[in-house]
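According to TrEMBL, the domain 'Ribophorin II N-terminal' annotation covers 28-305. The domain 'Ribophorin II second' annotation in TrEMBL covers 316-419. The domain 'Ribophorin II third' annotation in TrEMBL covers 427-550. The domain 'Ribophorin II C-terminal' annotation in TrEMBL covers 583-683. The annotation signal peptide is assigned in TrEMBL to 1-21. Annotation source TrEMBL lists transmembrane segment at 594-616, 628-650, 656-673.
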Amino acid sequence: MVRKFGFLVVAILVLASICESAIFNPVSESHRSAALEIFSPSDGSFGSLEETYEALRTFEVLGIENKPDIRTSACASVVDTIWSTSSPLKDLFHALRLNGILKCELNNEALGGIASRLKDSLNDANSLFDFHYSVGGLVLIKDQISEVDVHLEDADKKFRSIKALSQSDGRWRISSSNTESSTDAAGIALETLAGVISLASSEIDQSLIATLKNDIVKLFDGIERYEDGACYFDEKLVDASRHQGPLSASSSVVRGITAFAATTSESLNLPGEKILGLAKFFLGIGIPGSAKDFYHQIDALSCLENIRGSIPLISSFPATVLSVTRKDQFKVRVSTVLGSASPPLSVKLMQIFTSGSKDASVVDQKLKFDADNAVHVLETLPENVGVGSYIFSFEVILDNPEEKKNYATGGRTKVSVHVTGVITVDSSEIAILDSDLGSTETQKKLELPGENAISLSANHLQKLRLSFRLTTPFGHAFKPHQAFLKLRHESGVEHIFVVGNSGEKFEILLDFLGLVDKLFYLSGKYDIELTVGDSVMENSFLQPLGSVELDLPDAPEKAARPPPLPVNPYSRYGPKAEISHIFRAPEKRPPRELSFAFLGLVLVPLIGFLAGLLYIRANLKNLPKSTVPATFAFLFHLGIAAVLVLYALFWLKLDLFTTLKVLGLLGMFLMFVGHKTLSHLASTSSKLKSS
């Protein structure tokens, strides 16, 4: 029980303190396993061309080789879409993107015809999506085959047409007729303009590019930020049917900025801290539940992995709980968002903050690089670090200053670190003191933590004293978060007292004379229990110490009564009390002989009826002789017999509702066959009279 309690205290308090500073880890095997589950083909297909591309693109970025083989069906869809003259621009765009991954068998004639069609659609483009699909398709053709001419002669004009949809805050409109702007459209516009620059047959006017760079700066001015440093682009809800969440909008912007940075020779001077914040946002999501969100996350991280001039470097920590007992070392791993190796760099521990205090000690200690495990290791803890909770502030410094133009480190990073250890408990004793003289009447040593079964006795004129001392592995005094003494009366009433800290010693003195009201004047046996726990104390314990027999005076008339014992909330789920019910005694029934006699009397009329038929010699000559009428007549009499049998069954076992259902069916049957029989008899009678 002691071990379970210690583990529970450590787990809860460490979790609460770690939540103060989020830790971001690069893409790992869990993402690869989740991708195979989320992108699962149905009937050999992922669905539409767009969904198929998103699945294969995710597999490609994550480096998954053991992926579903849908090449045959996907290439068939790609070829059909490209050769079809009625395919929408959107389908053509996604077909070309998918072909870039699958390398389907397409000749120059097919791609040349698509290029000509895409160029024509640019002249009639009315919305940002029209420009995006047309320009994006031409860029894809350029990347897949060099023999097809995809260059734009009037690139400046197309650039200005798209730029006309921009807004002053960095957002963009979908079309000139739509007055609402969005962040998602800004990312699409940047990606489209990057395509126009790459397709231009001559250099684009530099003033247009400078204006576009200014729009990017304005867009980043409106970025949102979390307390943990993660940044994201929010989307205004202007149209619920086309609304994009922060993940989709941020992914769109990152995709557009990456494409634009790759096409221009000038530096965009992107804010490294915000680029790193975007990386933290995508990594902090974990593993999204939907295929669309998963694609947006992985595709955005792939763009950040290759963005020119601002590749973010992520610092991850294999462990932030360091055990002095196990001689754990603080380690920092620096990599890109997809887990690739970082350029040569150093990690320095700059400052250490004590948890809950603003004071910091300057360390400026360089961590040793372990090339085999690709981690930076703090071999020994600084002298001022003992068992407790701290905030380490460290800085990533690139060895080559020129690499600052390519990577974003984000300045100093803070992380919560918890140094744990086994706390030594010594000088533990419990004693009964005389109230007047203060002399010790009974004193016993305690083994904490350990088995104790002391037995004490005291009256209301005496005191109980408990004391112990806590020491860290470094020899320093230790003050835990929890130190409680509990007295539980044999009736179940509990009293909890906080054990105070007097310098290097923990001590509590219970004066029973002053506690008689709180103890409700209850004499008898009290169990003693000590609780000592802390998030960094590896041997936290909840320890029964024994019992004390108290002799308290009788309660005065107006003294407070003990509170009712709390009801266990789980008791209502336990077994219920057995319900005993006395049923009404059955009414007295007549003798069996009388019942059988009554049954015989009931059957007498039926027997008399049959005997009467025989006596009066009933005329059966009118029964039909031909086959069909005779059959109806037989069925009619059989139906009457069935009704009589039904009455008998009702008397014996059937209930009223079942009997009425069957009787209704028999009634319809009798009405039909009886009508046929009587119709035949009437027809026969009329023929005899006419003859």
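Every residue gets a Cβ built from N, Cα and C, even glycine.
Same-chain neighbours of the transmembrane segment (656-673): 632, 635-636, 639-640, 642-643, 646, 649-650, counting only residues six or more beyond its ends whose CB sits under 8 Å from a CB of the stretch. With DSSP classes pooled into helix, strand and coil, the tally for the domain 'Ribophorin II third' (427-550) is 4 helix, 75 strand, 45 coil.
Restricting the average to the domain 'Ribophorin II second' (316-419) gives a pLDDT of 91. In the domain 'Ribophorin II C-terminal' (583-683), helix, strand and coil residues by DSSP number 78 helix, 0 strand, 23 coil. Per-class residue totals from DSSP over the domain 'Ribophorin II second' (316-419), listed helix then strand then coil: 5 helix, 56 strand, 43 coil.
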